[in-house]
């Protein structure tokens, strides 16, 4: 492979257009760029993935068992990687990474706070905990098995909603005034977690934010000379716009390195009570020494799952919120990756595949489910790289990390303020992507201003009030209280639901509501164009096989039949071909190569 020629094409072809994607969804970057970009997406999702097992360990009575916490982290990485591969290959087929979700963490903690699952008093005392004793093992594994059963039951509901096409039929009532607040609130509702992480050391967090902003906005058109070797020209230097492609990864690595240097010279405080202590990189060095080199998570590794009715009902609330969030993520991801808007069959498959992912997470015992990661959708807008091949590499990397205990433990040393600084940028991009959907709506209309403004403001007020007054929800049924608690504290659900109700009940023309422009851009005839088929149809010739059986086309998650030959619709591929500087491979070839 002539690496220097490929790099030269990357650096030259896209210099002229600041807003043009470097790689769209079907493009295949060079393998070395796929590795670096895959690592960047893993690091982007790492903060959310690792935080879930650590927070969950409090309810599982594992706060003094760091080694088991590392096993949970390895398991959630392993399952997230498998779910990512399944989603990109057979699901919605967009470059969207799968991982654990805080939406499902809330009902999990609510379940573990019930009287029968309260941790024994002796587990709170580190001197009394023997992590290898059968008694302690049974304490936390019993709780984990109950969580597993609840997630398995919730996943069956999500699979039904997705594969039956209910979510697709529901989308006909969803317009930009529903999608806009839902996507925007994905980012806005996370301001507290971003501020908390950044607040552990604002200097480090601001430094991370400044570096990512500098690389992605100010230096993205500045080429960096990179040594390259080719057979004909031997060693030479070529210009690569590395700041445009790897801004998040570079920002994290630089900040992480600076924190390591400050830790080595004890510039950062060594007293846990002092401000800035959590910016140190040596807080979890004991986990690195204790973690095994190789580990292989497997289903039912903590025992056979048990089913709790209260837990299953509570998880359903999180599943509903997760599905609404994911539909918004699909549209945002398509918009930022240069893909046509997702058709109904792709959305049905995506939601159904996320349900399958929750089923796998329950079987493996991550203590959580899986969903589309909003942080990585934001990374697409920053890097201008929307290739799904990069996400395939991310999935493979997460599977490998899940099997290498030492490697996963090393990443636990990324300081919280560094992750907080990254969140400040990522969540802002997600919020802006949501607001951009209002371009289809007549915002000179007082009706539309009311719907959007009231949806957004209510989605910030109601969850905040419920969190401050949890006792306000008291119906007499614990299960119903849990459902209402989760739904009303999820900003994306509140804003999307209010926007949906108001937009479909307040009188207004389809033109005023943006429905006509929305349908033309997001539904229309795109579902059966060659460009849309290339992105969303199933790989390995499965769609072609389905088209030979007319009755299969009526299955909600199956792509529609091919209505035109490649020659007849050759013009439809122009928008994709213009973004393929390195040559184009068929989707089946891309997936087969990634699988090998």
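Note: Cβ is positioned from N, Cα and C throughout, glycine not excepted.
The transmembrane segment feature in TrEMBL is assigned to 30-56 (among others).
Positions annotated as transmembrane segment by TrEMBL: 76-96 (among others).
Per TrEMBL, transmembrane segment is recorded for 146-166 (among others).
Positions annotated as transmembrane segment by TrEMBL: 200-219 (among others).
Under the heading transmembrane segment, TrEMBL lists 240-265 (among others).
Beyond the ends of the transmembrane segment (302-320), by six or more residues, the same chain brings 101, 103-104, 106-108, 110-111, 114, 141, 144-155, 157-158, 355, 358, 362-363, 365, 369, 478-480, 482-487, 493 to within a C-beta distance below 8 angstroms of the stretch. Annotation source TrEMBL lists transmembrane segment at 302-320 (among others).
The transmembrane segment feature in TrEMBL is assigned to 390-412 (among others).
The transmembrane segment annotation in TrEMBL covers 418-437 (among others).
Listed by sequence, the residues of this chain that lie at least six past the ends of the transmembrane segment (449-467) yet keep a Cβ under 8 A from its Cβ atoms are 177, 180-181, 184-185, 188-189, 438, 441, 443, 473, 485, 488-492, 494-496, 498-499, 502-503, 506. Annotation source TrEMBL lists transmembrane segment at 449-467 (among others).
Annotation comment: TrEMBL describes 482-502 (among others) as transmembrane segment.
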Long-range environment of the transmembrane segment (146-166) - Cβ separation under 8 angstroms, sequence gap at least 6: 104, 108, 111-112, 117, 302, 305-308, 311-312, 314-316, 318-319, 322-323, 344, 348-359, 361-363, 365, 367-369, 556-557
Quick check: do the transmembrane segment (76-96) and the transmembrane segment (482-502) share at least 3 Cβ pairs under 8 Å, counting only pairs 6+ apart in sequence? no
Highest-contact recorded stretch vs the transmembrane segment (418-437), from 200-219, 240-265, 390-412, CB pairs under 8 Å: 200-219
